[in-house]
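Below is one structure, written out as structure tokens, with a few remarks after it.
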Amino acid sequence: MYNQRIPSDTVIEMDQVLPSTVPDRCKIELLLQTLLNETEESWKTTSRQYIEQLDRPELSLEKIAELLKCKLFITQRLARIFFTRTNHDEAIENLNKYQIGKLMHILNGTMEVRALVLFKTISNNNDDDDYLTNAKLAEFFQQYFKDLKILDENRRHEAVQILLEKFHLDQKSRIDFEEYYSVVSNNPVFLKCLPQFTVNSSQIVNPRANQASEGSKLKKCISSLSCELKNYKHLKYVFTHSYISENTSRLIMLILYILINLSLMIYVIVYKARKSGYNRLVLLARICGMLLNFNCSFIIALMLRQTIVFIRSHRLLRKLIPVDDHIDFHRVVGRFIGILSILHTIAHIANFANEKKYSLASYIFTTKANSGWIGGFAPLSGVILLLILLAMVICSLKWVRSSGHFQIFYWSHLLYLPFYVFLIIHARDFWKWIVGPLSIFLLEKLYSIYARYTRGKGRTHIDSVTIDQSKAISLTIHRPKKFTFKPGDYISINLPRVAFYEFHPFTISSAPEETDFIRVHIADNGDWTKKVHEHFKGMSDEEAREHQIEIYRGDIDSQETDLHGRNSEYYHMHGTENGSTGKKESVIIKGPYSSCARYVFDSKHVVLIGAGIGVTPYASILSSLIAQFRGSHFVRRNNSHVYYISDGFNENRKLQKVDFIWLNRDFENFEWFLNLLRRFEQEQESYLALHPNEKRFLDIHLYCTDPQLASNVDNAPLELVRKICAPVARRDIYTGLKSRTN
């Protein structure tokens, strides 16, 4: 029991008090008692500061577990060990500030003390003569694993069995502390994990900061602008010879764009001004007007999706035209249009202010001055155009798009329709500039509408839905007969039962070789995506049968996610039954639209780097590679053998090597494409076993960046399991892959 105090004036000299024959347990118990008796002045400064910040004298164990980033049952065990007098005391529900500080101080003690505390925590006993039994160790880790959804029951059981073996509890029913300590002190893995059984004060959640808001939209906007400014400042260090040689087409396009704008400026100054005799304000307005004619037509050309697909499909064209930058270029031109519009407006207002015939308001808001080529409507239409443009620019800012309000951006951008109507009315010669890009744009729109609502092209239905443990959902969509795409392409989808008019873009995560279905993954991080999640999560089994949808609820049972992964092969081999009648879950797709991921197969060695759900383009690429790998290597397979017909997957391919790097914030997110990675790993291992002279085609590198994985009480058992089990099981404990998670 650790609630009794030694008088504070007592000085303990370890070498004098403890003879060398005293067992290790007694020495460490005395060290632990010493830490418990120390006053607040001896605690770490960070611990004292943290305790001072607590706004209440007592906190519940639930709150303490949350603040210390520790599981509740571990916090309850620690409280019971240090702050109860006997085993028959009532369970502790709260700790005061001093007790919380004392607990933090103990967990920052020596390695010997931490080893004893971990022993007591696992054995769940605060007696001095307690033992660690195999039942108690299994109980601790089964309870610890309960909230780790990524570990299925088989891997949990396997991990527990390996730990029992390491502590010799597979051969005996219990061990004492001395034997436990001998195992820990002689095992390098245990010694590396033990320092993590601590409380890192610098990473504890600040209770006051936890209550503060995440920050206003204005702060986010300022932060975003600050980051962009830093990027621009960094450009002066970028223009090296290698950078220029690698970005020649980009630089040529940028220079060409600047030269066109300069040429138009010079044309207005030299020709128009001399011919018409403009004053300076009118000259500025005319220069901006001419540049607006060009840029407002050019910005349409940057978003011709089918034209971009055509350019990407031809290697020579995509080398000459930096088509991958079309969205960034669209943003730059859009901002330039905004600046030109403001200057154009200011110049005209200043010029009207100098005129005496009518008042300023009459010039701007009426047609009395008869300014413009259609009924003197130019000034008033200019005001309308400026308001439309401001709405489009503001609603397209990053902090609006990334805050889960995509529909605001989407609907505000549809204002381009009245914008161009008023612009044709406003500017006499604008129709000459717009006729070419607008004609192509309208043709693409007509084709898109035709394809969107035609069966066999864009109108289809959902076959199955998988609800993952993490905030993601995958839709398996029946693939229309005439729908073709390349790995890495994306589509815009509309679910009429969720939102009738809304289309949202998602990358296709299935392979082109999977001819019966296409799959998209949707993360739950926006208004529309939340509606999609709620729609399918709330769908009853009866409703699912009515709409002929298979729903795999991996958020409830992780094995259902694995089942869906295995069913993917069934889809590929047998297709889906589409002859049945009934009301199916309708979905409308637009696309496909290409991305730079198409270039993967033109390289010898590619490095694919994805973060979170952004890995979907590479899922499509890897799925395609699996299909090609199988198609080029074996005739048939059974439960134990794969029969190969080719000695080289890369014989007729330029792509020789793939490094796949995937970063996630937490382990649960890896489940999105684990089945895919497992299949590829198994296929590759089987092939290499039969062809030892062949090189590995795919290397998988997984990284978990969760800040809570730092050294703390909660993560020490998990790290122990990972490092102990991986060499024995020969695969990663989290993912089941042979490639370890970093």
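In case you wondered, yes, glycine gets a Cβ from its N, Cα and C as well.
Unlike curated entries, TrEMBL annotations are predicted automatically.
Marked as domain 'FAD-binding FR-type' by TrEMBL: 449-599.
Marked as transmembrane segment by TrEMBL: 251-271 (among others).
Annotation comment: TrEMBL describes 283-311 (among others) as transmembrane segment.
Annotated transmembrane segment per TrEMBL: 332-353 (among others), in sequence order. Residues 279, 281-282, 284-285, 288-289, 291-292, 295-296, 298-299, 302, 360, 363-364, 369, 379, 382, 385-386, 389-390, 392-393, 396 of the same chain sit 6 or more residues outside the transmembrane segment (332-353) yet have a Cβ under 8 Å from a Cβ within it.
Feature annotation from TrEMBL assigns transmembrane segment to 373-396 (among others).
What TrEMBL records for 408-427 (among others) is transmembrane segment. Beyond the ends of the transmembrane segment (408-427), by six or more residues, the same chain brings 289, 292-293, 296, 372, 374, 377-378, 381-382, 384-385, 388-389, 391-392, 395-396, 400-401, 434, 438, 502-503 to within a C-beta distance below 8 angstroms of the stretch.
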Within-chain partners of the transmembrane segment (283-311) [C-beta distance under 8 Å, separation at least 6 from its ends]:
260-261, 264-265, 267-269, 272-273, 317-318, 321, 323, 326-327, 329-330, 333-334, 336-337, 340-341, 343-344, 347-348, 351, 420, 423, 427, 429-430, 433-434, 436-438, 440-441, 444, 447-448, 592-594
